[in-house]
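Residues annotated as active site, nucleophile in TrEMBL: B:T190. Annotated substrate binding site per TrEMBL: B:T153, B:K179, B:T190, B:E276, B:N402, B:S407, in sequence order.
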2 protein chains.
Amino acid sequence: MEIIKGGVTAAKGFEAASTAAGIKYKDRTDMALIYSQAPCVAAGTFTKNVVKAAPVKWDQQVVGSGAKVQAVVVNSGIANACTGAEGFGYCKDTAVAAAKALDIPEDGVLIGSTGVIGKQMPIDKLTAGIDVLAGKKNDTLENGTEAAKAIMTTDTCEKELAAVIEVGGKQVTIGGMAKGSGMIHPNMCTMLAFVTTDAVIAKETLQKALSGDVDDTYNMISVDGDTSTNDTVILLANGLAGNPEIVYGSPEYEEFALALHAINEYLAKKIAGDGEGATALFEVKAVGCESVEQAKTLAKSIVCSNLTKTAIAGHDANWGRILCAMGYSGAQFDPEKVDLFFESKAGKIQIIENGTAVDYSEAEATKILSEPEVTAIADVKMGAEEAVAWGCDLTHGYIEINADYRS
Amino acid sequence: MEIIKGGVTAAKGFEAASTAAGIKYKDRTDMALIYSQAPCVAAGTFTKNVVKAAPVKWDQQVVGSGAKVQAVVVNSGIANACTGAEGFGYCKDTAVAAAKALDIPEDGVLIGSTGVIGKQMPIDKLTAGIDVLAGKKNDTLENGTEAAKAIMTTDTCEKELAAVIEVGGKQVTIGGMAKGSGMIHPNMCTMLAFVTTDAVIAKETLQKALSGDVDDTYNMISVDGDTSTNDTVILLANGLAGNPEIVYGSPEYEEFALALHAINEYLAKKIAGDGEGATALFEVKAVGCESVEQAKTLAKSIVCSNLTKTAIAGHDANWGRILCAMGYSGAQFDPEKVDLFFESKAGKIQIIENGTAVDYSEAEATKILSEPEVTAIADVKMGAEEAVAWGCDLTHGYIEINADYRS
């Protein structure tokens, strides 16, 4: 596997475009299109929130039906959640408009949305935007990047990555883009991510690869503990690489899954590190666990705690808050066996041995915790399983963004 | 029942004292003593965190043994959590010192602590403080208030209340004090609360009254979602009122339970409203539920969401975040049946009817949400059960307090 530049247009036959449709923002792009020159098999995972946005319901229907997909229309102004039958109607209108503009079937259109909850879609602006997107789309990396920018809300940077593997002498490419900064919590994916590949692969195999990986990537990140109504991960495969079909369980499948994982993990970490107001990516490894489930529970509990997150913001080795978060996680362990380390580019330091503090240098710990990416490693000494979760620090920036977001 | 002025010294035979022992703070009191002239039956509820502070373990042992209790020693500088065998040893030392200073048995001493996790207790300062407390204690309301002040950490005000009921012609008094501002989350009590009464009541009955009420009061508040290692609610009864024994299930028991609930609810709400950095008490009522459990789950999920809390800070009727928090709570309901109202001293307004926004006045909603106590009422129209949870808004103050708390 080789990591390459690019995003959703890296794989053969995928095009993208962006436009400023004026749905919410005045001075920036707010709509993106992904288009495939050939029909795709589609896999998806969606929010587990009982309150699902209309586009989530639409996409679940399309992906569930097994229809071939050829386009994804995304807007970043209005979530189209809590909008009732009227909101769902706008999904149908969106698909009709895209089908017409792109000359594809209506059930070949997926829809992504993020933004304000509860507002109805200005459908005229949206359909006008679709016509512009259809006219502008192309397969350049630049257009992929512009699409990644157009789906941002409170994100501070676009997020995209691509990778290449070889399958039966053919070059297979996977590329993806994601957005997500607030309302991020591990339960499904908690953001929007769109991954495209030119691999020849069956729909069921594609879904297995995606579902298996989401639990270890997007579901292990948290910015604020809030699981969105709109979370969506879509994976499209158009088969244009011409490789021998990737069969579940084969070495080629493992290679494909590895590349998919690299992209998903990169995008997930990017989302966590770009959490609203964040100044640092906060990585937590729970090791020495008796099960992966226990490791995930511990890692997530630490990464989700407002108190550990404010401590990271303060570059403060406040390990008591970490032990406390482990303690209320629901996982069972012996607090008097826990070892804890902090690690970053500035070094690694042990803070706790067997549940109590070692005689560490506070200055050294602060130095390590002042890097833009910091890791806490908690060892419960019960087994060999481990898990990683990603989050960010909790800062004044988060309050600024969210105390007055809707207005 | 009559609400009266006072706290832990309101009931007959209870004394209190405070002192500046210099355990952590330099310029304020940081130790408190509650002393009863007669031995008390004791009830307690404690944190469910796997990581329990040494004093929690000590108190569980004392309360569990059925020993009569005559004193509670509290310090607000050091939590004595994650301190291993050495930390537990200091509990024994505390009890020995208090027993000697007060001429009571060692197993008649309970210990409360709050503050920094992981630091060992400066036991000489603590025992010196105990001697001062023993010399200063008296049964005035002033000393009760001073004790309530001494147990504060990031609290901005002391919290105490008392009530009187009549049982068999005798006046029975209940009074309590509490502290709690950060690391507050519903799971057990999430703060320190000490309630005293002169009622004649059996230990088992006392424990039933306490356990039954904690679930509806302290366990329904949340400041930051972090369940502390030190949470403790202690209820002491010394029998000096001379009333006929309060028997479980009797009308007198109901009256006693009602008075206890009034005190616990008042203290719990005070803690929520005094959350770190809070500018508003955020009350959430889930109504029309099919079970109390469902109602509690929904109310807690709303009150715990960082996004709803920042919206309250911004006086923003961002109802989408409330529906979203209900949706990921784990409770099942039909989003398209939900009604939502906001209420405060400034009025009441309906925001959502059957899952979508009504045509409400944004200015009116902002006015209602600008009060120091605001209530959200969510009706899921499934039944007649309901529950109330209390929290606070999430502000810059929270970040200021916690990004640099330990240093």
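Backbone N, Cα and C define each Cβ position, glycine as well.
TrEMBL does not curate its annotations; it predicts them automatically.
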Lowest local Cβ density among B:T153, B:N402, which the record lists as binding-site residues, within 10 Å: B:T153
Intermolecular Cβ proximity, binding-site residues B:T153, B:K179, B:N402 versus chain A, under 8 Å: B:N402
Cβ neighbour count (within 10 Å, all chains shown) around B:E276 (substrate binding site): 28
For B:N402 (substrate binding site), the three-state class that DSSP assigns: helix
